[in-house]
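K.L.:
Before anything else, here's the structure in question.
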Amino acid sequence: MDPDQSFEEPTSTPLQLAAEQGHLQEVQRLLFESAEQPNEEPRGYYGKTALQAASANGHLEVVEVLINAGADTNAKGGNNGGKTALVLASGAGHISIVKKLVSSGASINTSPYRYYGRTALQAAAEGGHEDLVLWLLGQGADVNAPPAKVDGRTALQAAAFSGNARIVQILLERNARVNERPVRYKGLTALQAAAFQGHCKVVEQLIQAGADVNADGAGLNGYTALSAAAEGGHLEIVQTLLDAGANVSALSGNQKRTAMQIALARGHAEIGRICNGYLHSQMRMKTWNLRSHLEAQVVSETQ
């Protein structure tokens, strides 16, 4: 890409623009009078094909016209996520368009684009569209499809991040992996995602489902669930995680700080106080255990 070209520079073709705005008659005119091609590639960082633009914005009649004109239902979008028409419609919750695309050959389980991509199910889960999640699962969507390499999320991680407890439960019942590791860049486990966003009910759901409260964070500046909650100032979640066995001494982020240090740096004094109390309690317990072990050893040696 030309480094002097702005990401915001308008780059849509007339057909793509008309499709985005839902101008059915103009779309028909451009297709059949001006002979514009329905599969003109997306232009620019945020570009979309005409079908992607119509699908993202919920224009079903335009979608139907474009498909009838030969639009590619599986074409990749611009570099910002490379989202197909199906992924865009799924993320926006346009179930009628999703069904039309699938019946016209759109692939449900296409791998997400490397950067910021989603599968259709991941997008629907992230958007909180319960009916669409159920429909996609019924059509064979992979509940554990791998996420994008950069800022990717599994369907469960996406639902947890968005805080939709009902979708989280649906995915868990379909055997979504509760402890799927986060991607290296901007990744979060499902529990870390819910903790970071402050979704207490989802945090409790995931712990009950066996989520690892001490799972390592992402490779680049990742956080444990406890540190994620401390960062966001979510006191109730911090308490829930500590009660579930979260390690108050664990280090997170590129600066390798404890949850207490993160909380205090963010001005969350009460969370810092609670973490400090747990830290001292753990230290007293370790001291007591060591003393008990030494006393037992002395007794054993004198017998």
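Including glycine, each Cβ sits where the backbone N, Cα and C put it.
Nobody curates TrEMBL annotations by hand; they come from automatic prediction.
Summarising the annotation, TrEMBL assigns repeat 'ANK' to 46-78, 81-113, 116-148, 151-183, 186-218, 221-253.
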K.L.:
Which residues of the same chain, at least 6 past either end of the repeat 'ANK' (221-253), have a Cβ under 8 Å from a Cβ in it?
P.N.:
182, 187-189, 191-198, 200, 203-204, 207, 211, 213-215, 259-260, 262-263, 266-268, 270-271, 274-275, 278-279, 282
K.L.:
Average the per-residue pLDDT over the repeat 'ANK' (81-113) and send me the rounded value.
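P.N.:
The answer is 96, the mean pLDDT of the model over that range.
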K.L.:
Who are the chain neighbours of the repeat 'ANK' (186-218) in space, where the CB to CB distance is under 8 Å and they lie at least 6 residues beyond its ends?
P.N.:
147, 150-154, 156-157, 159-165, 168-169, 172, 178-180, 224-229, 231-232, 234, 236-237, 240-241, 244-247, 250, 252-253
K.L.:
Restricting to the same chain and to residues at least six past its boundaries, which positions have a Cβ under 8 Å from a Cβ of the repeat 'ANK' (81-113)?
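P.N.:
Cβ under 8 Å, 6 or more out: 48-49, 51-52, 54-58, 60, 63-64, 67, 73-75, 119-124, 126-129, 131-132, 135-136, 139-142, 145-148, 152.
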K.L.:
Give me the DSSP three-state residue breakdown of the repeat 'ANK' (116-148), ordered helix, strand, coil.
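P.N.:
Helix, strand and coil residues of the repeat 'ANK' (116-148) number 17 helix, 0 strand, 16 coil.
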